[in-house]
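Per TrEMBL, the feature domain 'Peptidase M28' maps to 73-265. Under the heading domain 'Endoplasmic reticulum metallopeptidase 1/1-A TM', TrEMBL lists 335-555. If you look up TrEMBL, you'll see 569-792 marked as domain 'Endoplasmic reticulum metallopeptidase 1-like C-terminal'. According to TrEMBL, the feature transmembrane segment maps to 292-320, 341-366, 372-398, 410-431, 437-456, 468-491, 511-533, 540-562.
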Amino acid sequence: RGYLDNITAIGPRTVGSPENEVLAVNYLLEQIQAIERESTDAHKISVDIQRPTGSFSIDFLGGFTSYYANITNVIVKLEPRNGAEHAVLSNCHFDSVPNTPGASDDAVSCAVMLEILNTLSKSSEPLQHAVIFLFNGAEENILQASHGFITQHEWAKSIRAFINLEAAGVGGKELVFQTGPENPWLVQAYVVAAKHPFASVVAQEIFQSGIIPADTDFRIYRDFGNVPGIDLAFIENGYIYHTEYDTSDRILTDSIQRAGDNILGVLKYLATSDKLAKSFEYRHGNVVFFDVLGLFVLAYPARVGTIMNYITAAIAFLYLSKKVLQPKTRAIHNLKKFFTAFGVTLISWVSTLVTVLIVAVFISVIGRSLSWYTHFYVSVFLYGTAAAANLVLVHTLAKKFFLKNMNEQYLGDIFFDASLMIWSIALAVVTQMGLCSAFICTLWVAFPLLAKLMIHKEFSQKGATVKFVMMYMLGMFVPYLYMMYLSWTVFEMFTPIMGRSGSEILPDVVLAGFIVVITMILSSYFINFIYLVKSTKTTLITLTAVFVVTLILVCSGIFFPYSSDAANPKPKRVFLQHTSRRFHDVDGNVVKSDSGIWINGFDYNGISHITPHVPEINDTIRTACEEHAPFCGLPWILPVHFMFRLVKNWYLPAPEIFPRSPIHFKVLSKELMPWNSVRLSFEVSGPSHMSLYVRPHEGSALSTWSLGDGIPVASLGGDYFVFYSHGLQATPWHFWVELTAPEKHSDGIVSLAIAAHYFFGEDQKSPQLYALLERFPNWTFSSGWSCTYDLFVF
């Protein structure tokens, strides 16, 4: 706890700032030296400070290339007295995003690692392998420091596995959301050694599908180091992740204790495991793993899961075919009814999805998006009741008009079988797709089928008895409980993400879709009760009434999306960049220049809620796209342009800014190369963060450059994006680009723009930016900085 408070007390730790490069590093070194003095003779401790320079391309956020110079890693190796050949790595990062204290992301993980280093170094029993603690100083710059370590440091070669400690929220339990690739023995290590497990292969498959706009150092170790590992992250309260509210007092001591117990257990286990030395021998196969209510983890090889899944599906299909096709005389009649039930169920699902999504789109269009962001229950009352009412209505109508004069018992039975059939098909399909999450479908086939077989006798007697209902509920208990637990975890992760997923995604549609799917899943084996009860009128009226009342309240705007509540803030995220831009033509003359404060709201609502407080930020100052310039001539810090439409950002005219340390951009040479290509060499010096944007003109192509692995990676939309950063000091940045060009090119062959970002120090905020930020309402988190933008044509 003391470690955490001291690291966050330094303030925001942006790469390149004295806070990150000097104060945080010195603090870590002092603590490590204190630990070293207290350590026992069983261990040897070595400390190294690495300041790597390097470059790589990554397909995250639409694809871009990263270049870093002189950034900082603090590395500690704890090994047995006589050394060790193999090592396990533990990774945290001490840098933070600008304007935030970064307690959860990721100071708390560094605090936990210091504490673990302390504990391990004091124990009298030697470890079998080395443990390397990497305190990395540039993760928020999109994973640069981990790349510098794994590709350049001499200790990196000995690493056989790693544990990465991250955050996507503040406090709570830390979730294992990625493992591997393959290497089932790592999951096994977590299962055996973690005291308070919380892990899910479902989270892993969601994360690796790329629908969450985030990435971690895990990716760098996997792709550039070929090392398998475990990725853990705090996921609770993502509303304040990357904001000024990410302070140490919001992280509960038991949350830190939990993480410490788990990670110490796993590291100790790995550092004394025979498998670590021969990890490549245990490489094969994926693992299905999930925790049961946080009590213990179930893990088994995916190939075992595949066999179990197919057997379960086969038994279900066998049961269904036997049921429907006997007695032979009624087989045709049974089949007809069975497929009718199957059809009605599918129709009820499709119509529910369509209806609820129409409601969600309507809410978005009238500008009441995210009304559930602060009041979560609103989404359940609005979309949950609509989904349930729709399902009940479709089946009630089917019963009344379509399946009239039939034995209720028989109908209930047939609809149970239809649900079983749907789940069995889903199980076969998901297993065939190779997804480990298929185990959920197995639960929904196996338990209901068991329940059904056990109460088969009850079904044949008339009327649903109390005993029957009790037995039925018991059979459903396991899949229901697990599904509720899983849904809650998914909601806890996804609801906050909707507040930072850009202006393109309709958050209400995403959440409504989730709620519909969960309603369908949870109701799948209770649909048959609609056919067993006399009337559903009361249920329908109640659900509809709740829905209509909620809809009216939401439309009236009574549920304000954001909150500045001190104990539990849910702020709206806004980025403001005070920008001065200059556009040059091919002869080097400035053809256009302007200055303004460029404003981006991070969610679908744009700035509609801010206009009443700051009237000059309104729809008359929408940003215009400079069509001839890469990325519309705007100083994006990351290539997230595809997440924000230009109609959803604003450019407020403001005076020009004159940074004390302006950018210097020089063309060193232009050379004609063989095969009709031109090489342009440049030198740039400027602040710690710069973005380079390249757009080859029509007919030209960017064939190679001195960055990454030499092969240029285009961003979404076809322009090229380079993210540059340096530590405390760095020599000027030299790079070259090579273009193939047509013979005639009067208007140049390439447009190249460079933006300088001032994230800290005296150049960060102009008086105008300061004054504007002061006027923003307290339910916003507004992050502001200054930047310059220059476009050149060559």
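Cβ atoms here come from the backbone N, Cα and C positions, even for glycine.
Predicted automatically and left uncurated, TrEMBL annotations should be read as such.
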Worksheet entry | Highest-contact recorded stretch vs the transmembrane segment (341-366), from 292-320, 410-431, 437-456, 511-533, 540-562, CB pairs under 8 Å | 511-533
Practice prompt. Tell me, please, if the transmembrane segment (540-562) and the transmembrane segment (372-398) are in contact, taking contact as 3+ Cβ pairs under 8 Å between residues separated by 6 or more positions?
Written response: yes
Worksheet item: So which of 372-398, 410-431, 468-491, 511-533 has the most C-beta pairs under 8 Å when paired with the transmembrane segment (292-320)?
Response: 410-431
Practice prompt. Restricting attention to the domain 'Endoplasmic reticulum metallopeptidase 1-like C-terminal' (569-792), give the mean pLDDT.
Written response: 93
